[in-house]
Amino acid sequence: MSIILNVSVALIIISIVSGWCMFFRNKKLYLNREVDHLKMLSVIIPARNEGRQIGRLLDSINIQTYKKLEVLVVDDGSTDNTAEIVRSFGYRVIKNELNKGWVGKSSACWKGANQANGEYLLFLDADTELYKPDSLETIVNHFEEKGSSGILSIEPYHIVKKWYESFSVVFNIIVVTGMNVFTPIKSKLKPAGAFGPTIICSKEDYFNSGGHFKYCDSVMDNFGLAKAIEEKGLPIHCYLGKQTIHFRMYPNGIKQLVEGWTKSFATASESTHPLVMTLISMWISGAFVASLLLIISPMLSNSNWIIISFILYSIYAVQCYVLARRVGNFPFFPHFLFYPVLFLFFTIVFIRSLYLTKVKKSVKWKGRDIDV
């Protein structure tokens, strides 16, 4: 029994170290210089039934200091008042018709890009919100510092307001770490793809690479675009969006949250480097082992195991919270005191995603059945 306990403690410690290694770098955007505003920026927003949320994004665009821009909202078959809200802001609405072989968002992005006038294209999800008046300047600034080449993608900071939204936390952490570029050896690992909610690229690179058209049947439009860019030998840069761009992912209930993570998570995980996937797997496994050790420790004859298990459990809880705050405003209480529930939820949804994407090869999202 003592051997099993000692091995468990060693596994938990290794798992905690794995957690820090998989999310070693906290890459955020900063405005390093004034942007000259010489480049026309086309903001392209694909939207399907986003009437409840898109107004916040448009409000945040209205107060931006970067003024040389146009806003194109591509209505991807909405059945709510999305188009009316956009027009009330005075912005252009483009109707998208989904052609055979296309997946919705890729089609909408391609439609918008073909009608854009800007030298830079910025694709924004409708549930995002620019955090500061200089957020667009910050994004353009970093893109130009990277040579205005390839794509720069940003994972928005997740704003949670309802209790169930905290169940996204493990997904949010793994979406970021699974990109391969947040480890201590990021320079030796190529990005797994690009973050979908916020992508900026030059119009020239977009069309030279084939853009969203190249992999129009990809459920993960951001991974399809990243692959097209990479095939042209162009770079991909990934950053975190805290204090630059935020979003609220699934405000309409836990069903929406489950469907959202189910539709793409298992597919996206295939692009993660085996080394990073090992770190992630160790981190997840350690969370369950730490909670199991805490449960059985009162049954052991040596009371020291209660103290040891409590310390390890507490360290895991604190680590989860620290990593979570890098990607969203997740509250510590009560969620991280009972963090095994968050990991269990993640595991169940991930298995569901594997089943639907690999066995049934069909997922549902926003009223559409999508073949994968």
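A Cβ is built for glycine as well, from the same backbone N, Cα and C atoms used for every other residue.
Note that the structure is a prediction, hence the values are computed from the model and not measured.
The domain 'Glycosyltransferase 2-like' annotation in TrEMBL covers 42-152.
For 6-24 (among others), the entry in TrEMBL reads transmembrane segment. Packing against the transmembrane segment (6-24) from elsewhere in the chain are residues 173, 176-177, 182-184, 276, 278-280, 282-283, 285-287, 289-290, 292-293, 308, 312, 315-316, 319-320, 323, 326: each is 6 or more residues past its ends and has a CB under 8 Å from a CB in it.
What TrEMBL lists as transmembrane segment is 163-182 (among others).
For 275-296 (among others), the entry in TrEMBL reads transmembrane segment.
TrEMBL lists 305-324 (among others) with the feature transmembrane segment. Remote same-chain partners of the transmembrane segment (305-324), defined as residues 6 or more beyond its termini with a Cβ less than 8 Å from a stretch Cβ, comprise 5, 9, 12-13, 15-16, 19-20, 23, 169, 172-173, 286-287, 290-291, 293-294, 297-298, 330, 332, 336-337, 339, 342.
Annotated transmembrane segment per TrEMBL: 336-356 (among others), in sequence order. Outside the transmembrane segment (336-356) by six or more residues, the chain places 166-167, 169-171, 174, 258, 261-267, 284, 287-288, 291, 316-318, 320-321, 324, 330, 362-363, 372 with a CB less than 8 A from a CB of the stretch.
If you look at the transmembrane segment (275-296), the same-chain residues 6 or more away from its ends with a CB under 8 A from one of its CBs are 5, 8-9, 11-12, 14-16, 18-19, 21-22, 170, 174, 177-178, 180, 183, 189, 269, 305, 308-310, 312-313, 316, 320, 339-340, 343, 346-347.
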